[in-house]
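Data block below; observations after.
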Amino acid sequence: MEVLPGLLRLLAALVVAERWARDTSGAESLGLWPLPFAVDISPRSLHLSPNNFFFGHSPTSKAGSSCEILQEAFRRYYDFIFGFYKWHQGSYQLCFGTELQQLQVHVESECDTFPSISSNESYVLHVKGPEALLRANTVWGALRGLETFSQLIYQDSYGTFTVNESEIIDFPRFPHRGILIDTGRHFLSVKTIFKTLDAMAFNKFNVLHWHIVDDQSFPYQSINFGVLSSKGSYSLSHVYTPNDVRMVIEYARIRGIRVMPEFDTPGHSRSWGKGQKDLLTPCYRKQVLSGTFGPINPILNTTYNFLSKFFKEISTVFPDEFIHIGGDEVDFDCWASNSEILQFMQEKGFSQISLNSNLCTVFKISNMISAMKKRPIVWQEAFDGRDKFMPGTVVQVWKIEDYKWEQSLITKAGFPVILSAPWYLDLISYGQDWKNYYEVEPQDFPGSDKERKRVLGGEACLWGEYVDATNLTPRLWPRASAVGERLWSHKDVRDIHDAYSRLTIHRCRMVRRGIAAEPLFTGYCNHEHRM
């Protein structure tokens, strides 16, 4: 990660002094989350007045007042800092002393349009009255710095908004820090997705993995194949219109979050078949049609003609460079029961008919995606140890059994990895299971340093069989926050007791901001008596 020019000496001094991410006394009391790389919080305090504080652009910033992303962020964070107490009749006073009147934001590059896997999210925060300074290479780093700045501010015993003089240098450990939501099993309203994106920004996640369709329903309203949702959705009101999709992408964009769509193939596709004739494989029982259908039919030209047109649409609707094409949990029995598929695969010389049918299908689709100047992501079943995928294909590891060995095999073959196996948040248990997620080390597997660097990051997955809008938010948060810190903070940030103290405060902060995050354990939030 590139660090801002002119700050390398300060960073080196912090590292030599071993102050980075280890002296957490101030961070613990404030609940900074995820913990920044380098934190130096002074006991000297500054006061803020809601009527006399504002965010502004540095005169030399290349992303100025015309940058909509920053202008929107200034409005959001002013409200996060002061708004709750306004609307809940909280009292605040301005005591004598130095007043912090402004946070100036300086961005080294012009206002970007969309974040990407290579976006620089580093920032430096210098808080000293009467003006604080936030410096970042990009607007995406500025957004992360604004979140940290908002976490520094608290109310003292007199109700005065207060911030301690601080120096913070920060950047993420991994570039891919995702949350997976599943709208194929249960439809989630756009409003619910917005709330998830808000919480993601509070925890510095930067990828919404949208598993948008599945066997049970097809809620994505295609521009070119509208019959897919009209026949495959739960109902005509359980669809995401093109405008809905645009709103989700835009809401995510101005928070520095990428939206990565997943359309799982060739399995998990029963809902597709309701609107696309001959797409699915007819299954047989004792050489007689059973009346059921299996995965996408891998031997018909019409299959690939349709998929090519469909994914061409997806590549234009979703601006992100990645498209997830699935490749997991394919019902091989149906393929093996179909004599036409058996004959086709035998003619191709495939010995493992079912496995090779899957690989053949996924390989063709991944080539389609690559031809569209996008990068495919697949689940680990699509990887068989051969370098058959296009360069740049990413493999997502989800099976908990031997997942470290799986990471080793994939990275040794030269492919990047996204880790999800230890972070399936839909698997709930009694107690503080967030600690299990927190203690995961994504690069702890047999391999060279070069191979470990192929880990792009990870995702916390919340599959939707038992999750809808009523329980999505409390099941995600603050359990996903543990994953967020593991993917953002330095690998040596592992003190579970310190994490508990900070996460307890951070959870209350999320609740104060409207996120129904469940409690970690017994206790209360300080803001409750004001409600």
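Positions of Cβ are set from backbone N, Cα and C atoms, glycine also.
Computed from a predicted structure; not experimentally measured.
Taken verbatim from Swiss-Prot:
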{"type": "SIGNAL", "residues": "1-21", "note": "signal peptide"}
{"type": "DISULFID", "residues": "Cys67-Cys111", "note": "disulfide bond"}
{"type": "CARBOHYD", "residues": "Asn120", "note": "N-linked glycosylation site"}
{"type": "CARBOHYD", "residues": "Asn164", "note": "N-linked glycosylation site"}
{"type": "DISULFID", "residues": "Cys283-Cys334", "note": "disulfide bond"}
{"type": "CARBOHYD", "residues": "Asn301", "note": "N-linked glycosylation site"}
{"type": "ACT_SITE", "residues": "Glu329", "note": "active site, proton donor"}
{"type": "DISULFID", "residues": "Cys508-Cys525", "note": "disulfide bond"}
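Everything Swiss-Prot records as a feature, shown here on the structure.
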residue	record	contacts (Cβ under 8 Å, 6+ apart)
Cys67	disulfide bond	His57, Val107, Cys111, Val139
Cys283	disulfide bond	Leu289, Ser290, Thr292, Phe293, Gly294, Asp333, Cys334, Ser337, Asn338
Asn301	N-linked glycosylation site	none
Glu329	active site, proton donor	Gly267, His268, Glu381
Cys508	disulfide bond	Gly31, Cys525, Asn526, His527
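According to DSSP, Glu329 (active site, proton donor) is assigned to coil rather than to any helix or strand. All protein chains considered, the CB of Cys111 (disulfide bond) has 18 other CB atoms within 10 Å. Looking at Cys334, Cys525, the disulfide-bonded residues in this record, the fewest other C-beta atoms within 10 angstroms of the C-beta turn up around Cys525.
Asn120 (N-linked glycosylation site) and Asn164 (N-linked glycosylation site) are 27 Å apart (CA-CA, integer value). The Cβ neighbour count for Asn164 (N-linked glycosylation site), using a 10 Å radius over every protein chain in view, is 18.
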